[in-house]
Amino acid sequence: MLVNRKLILAHFWLAFAVFGVALTLGAWQMFIRSPIGTWLSNPELYYRSLTAHGTVMGYVFPTLVAMAFGYAISESALQQRLVGVRWAWAGFWLIVAGSIMAVIPIALGRASVLYTFYPPLIGNVFYYLGVVLVVVGSWIWVALMSVNLRVWRKANPGAPVPLAMFANVAGSYLWAWTAVGAALELLLQIIPVAAGLKATIDAGLARIFFSWTLHAIVYFWLMPTYIAYYTIVPRAIGGRVYSDSMARIAFILFLVVSMPIGMHHTFADPQVGAGFKFIHSAFTALVALPTLLTVFTICASVEIAARLRGGRGMFGWIGALPWDNPMMLALAFSFVMLGFGGAGGLINMSYQLDASIHNTQWITGHFHLIFGGAIVIMYFAIAYDLWPHLTGRELIDIRLIRTQLWLWFIGMIVTTFPWHWVGILGMPRRMAYFDFGDPAIAPQALSVTLSAIGGFILLASGIMFIVILARGMRAPQIDAGPYRFALAVHQPTTVPVALNTHALWVALMIGLTLTNYGYPILNLALSSGTSVPAVYVGAQ
Amino acid sequence: MSAEETHHDSAEVAARVERRWATIAVIIIVMMALLAAFAGIHRATMPQPRVEITDPSRLHLSGEFVESNLGSVLEANGNVTVRAIGQQYSFTPACIVVPADTPITLRATSADVVHGILIQGTNVNAMLVPGYISEQLMRFAKTGDYLMPCQEFCSFGHEGMWGKVKVIDKTEFADRAKGGGRLGCVGQ
């Protein structure tokens with residue numbers, strides 16, 4: 001029962017429009033710093049582009065996708081009209097206003113601080129205020145998801161919350177709490193300095209606040225993808241979810257353990273001692289657990305689909321899968337990229353191995369493979385799956401869809417594998433230019449060129465994606481029927497309270513954040529002599 | 001056997017397989033954490049234990065990071081200490097000279113924004129955060145030149161911030177250290 005289709009489409013279209021712009025910038029960046037690019041006489045343009053690319057891809061695009069998907073889940077899984085539609089539109093317009101407010105100083109070169117902010121570098125105050133507006137807009141969505149679930153519970157006392165909505169609300173709570181770290185950094189530290197009210201800032205404390213957001217935000221990006229794994233893929237390929245309760249446990253684990261681990265981004269930092277770094281490292285290992293559980297459950301669910309289609313044998317069933325189905329294709333690509341990206345992630349989270357690749361191109365390769373690859377390819381699949389239900393029109397270009405997914409997968413592999421490799425060679429991140437004439441840097445030239453070619457393959461795929469959706473707006477009308485989610489093999493009739501509500505887990509999430517972040521933050525906030533003079537971008 | 005019993009049996013099998021997998025997953029996680037702890041304690045590869053602070057606006061006036069104290073110094077026990085600072089957009093000293101096969105302590109900080117110090121081909125990798133002192137232990141097995149780029153965005157000149165590390169023979173270093181003072185290799 002998708003009633004507010006216009007609202008959902010508006011979110012999706014804004015998401016994909018800004019995605020298209022940021023993708024183009026990304027491809028240009030890959031090109032301009034590669035040996036096939038021409039000398040960029042003004043490197044500052046690169047950092048403008050990089051700030052815009054990161055801000056859009058990190059904050060605006062995934063947030064809008066999560067919101068659009070969340071509204072769609074709320075209406076179709078709960079079979080209930082969205083409560084608070086006006087608020088939802090207010091949230092949308094806040095994001096529009098925030099994005100415009102942030103992009104103007106970026107375009108003018110007054111906010112080239114990259115999306116990670118890292119003070120004491122300080123940009124124009126409107127850049128930060130714009131980001132704050134985007135986050136506030138998304139918090140309206142968080143509140144609406146909670147309100148809608150509450151309304152449904154009142155009408156269905158004691159009934160199991162549909163898995164898709166349970167996971168969706170878990171994801172929204174995760175985002176609400178994750179964003180608090182960067183919000184504290186912006187409101188207490190950066191904005192007063194950017195506005196000229198203060199002239200000094202504690203750069204170490206800012207990095208700790210930001211790490212609170214920086215890691216768990218990845219799991220917020222991941223949520224729509226995992227929801228699609230569990231609740232869309234099995235239905236789309238004709239299977240069943242292997243286990244409803246294991247799915248709930250996986251989402252609960254994400255909610256609880258993706259928060260208190262962010263300091264593995266600061267292993268090489270001087271402002272935290274070894275103890276808390278080790279604790280965060282161990283907790284990061286823990287966050288692999290929900291993914292390992294998910295890999296099992298989804299593979300088993302896919303096997304069920306294959307066997308229902310007549311697949312036999314130990315591995316013979318793989319051939320019986322509907323490989324021409326875009327959802328099947330997207331899932332397979334996503335899993336391959338998740339596998340490689342996850343393995344890289346395990347390297348990053350261990351202090352000993354991280355030292356050899358920290359802040360090298362390996363890291364950029366890693367998160368492009370996980371986010372741009374494993375996660376975003378499922379965003380495409382979600383859009384393809386929902387589109388006929390949102391537009392009332394059929395997506396006819398199935399072959400084009402398959403080509404688009406193949407290109408994205410190939411492009412991502414061609415881009416990120418050489419990217420990882422040059423990272424191992426020690427190539428630093430975020431540089432506008434490399435002197436490939438230096439004999440010590442020359443061996444990296446081929447890999448960087450390959451990555452740039454991969455970037456253009458991705459750009460081609462991204463353009464195809466937008467074209468397919470745009471053509472879908474004009475295709476012949478059909479009755480797509482109600483939007484459904486996958487059923488479990490043993491569909492639950494009752495669910496234990498712990499697996500049907502979020503309160504306990506939210507409390508645990510907050511508690512673990514306080515134990516793992518409380519001391520380092522208080523220690524830095526209360527110590528004097530750590531604030532340093534701000535350095536304003538563009539002031540030199 | 002009724003249909004309901006079959007259903008029940010298959011549910012049991014499903015749950016058992018699932019539990020087994022969950023157990024394996026937990027074992028993998030615990031093993032990884034134990035390995036990290038073992039490597040940290042046994043191989044002594046852990047992050048710097050203490051937090052030290054310094055005032056970046058007074059670095060040049062007094063204390064450990066005044067210009068005359070930057071560079072490499074041979075300590076009485078035969079170890080070497082290297083002191084360096086990063087600033088937009090260079091390291092001082094821009095070329096660090098150290099002996100091979102010697103325990104070296106790198107102490108560095110930033111004079112302005114966040115920088116990073118990375119020595120290519122090694123796992124020497126530290127953030128330089130203004131206000132704090134980074135300390136890292138290192139040891140080079142082979143002589144030779146290594147590139148040392150800044151690995152964190154530090155504004156518009158970041159791409160030009162490359163330093164160098166020159167690892168020379170132990171005896172040669174000892175010879176050069178005889179005169180006292182702080183060693184560097186800028187212009188060599």
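Any Cβ shown, glycine's included, is placed from N, Cα and C.
Summarising the annotation, TrEMBL assigns domain 'Cytochrome oxidase subunit I profile' to A:1-536. Among the features that TrEMBL reports, transmembrane segment is placed at A:12-32, A:52-73, A:85-106, A:126-152, A:173-197, A:209-233, A:245-263, A:283-306, A:327-347, A:367-384, A:405-425, A:445-470.
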* Structure fact -> The recorded stretch from A:126-152, A:173-197, A:209-233, A:367-384 sharing the largest number of CB pairs under 8 A with the transmembrane segment (A:245-263) is A:209-233
* Mind checking which residues reach the transmembrane segment (A:52-73)? Cβ under 8 Å, same chain, six or more beyond either end. -> 2, 4, 7-9, 11-12, 14-15, 18-19, 21-22, 25-26, 29, 82, 88, 91-92, 95, 99, 102-103, 106-107, 114-116, 131, 134-135, 138, 141, 144-145, 164-165, 168, 171-172, 175, 217, 220-221, 223-224, 227, 371-372, 375, 379, 382, 386, 389-390, 483
* In this predicted model, what is the average pLDDT of the domain 'Cytochrome oxidase subunit I profile' (A:1-536)? -> 94
* Same-chain residues near the transmembrane segment (A:12-32), Cβ under 8 Å, at least 6 residues beyond its ends -> 38, 40, 46, 49-50, 52-53, 56-57, 60-61, 64-65, 68, 92, 95-96, 99, 383, 386, 390, 415, 432, 451-452, 454-456, 458-459, 462-463, 465-466, 469
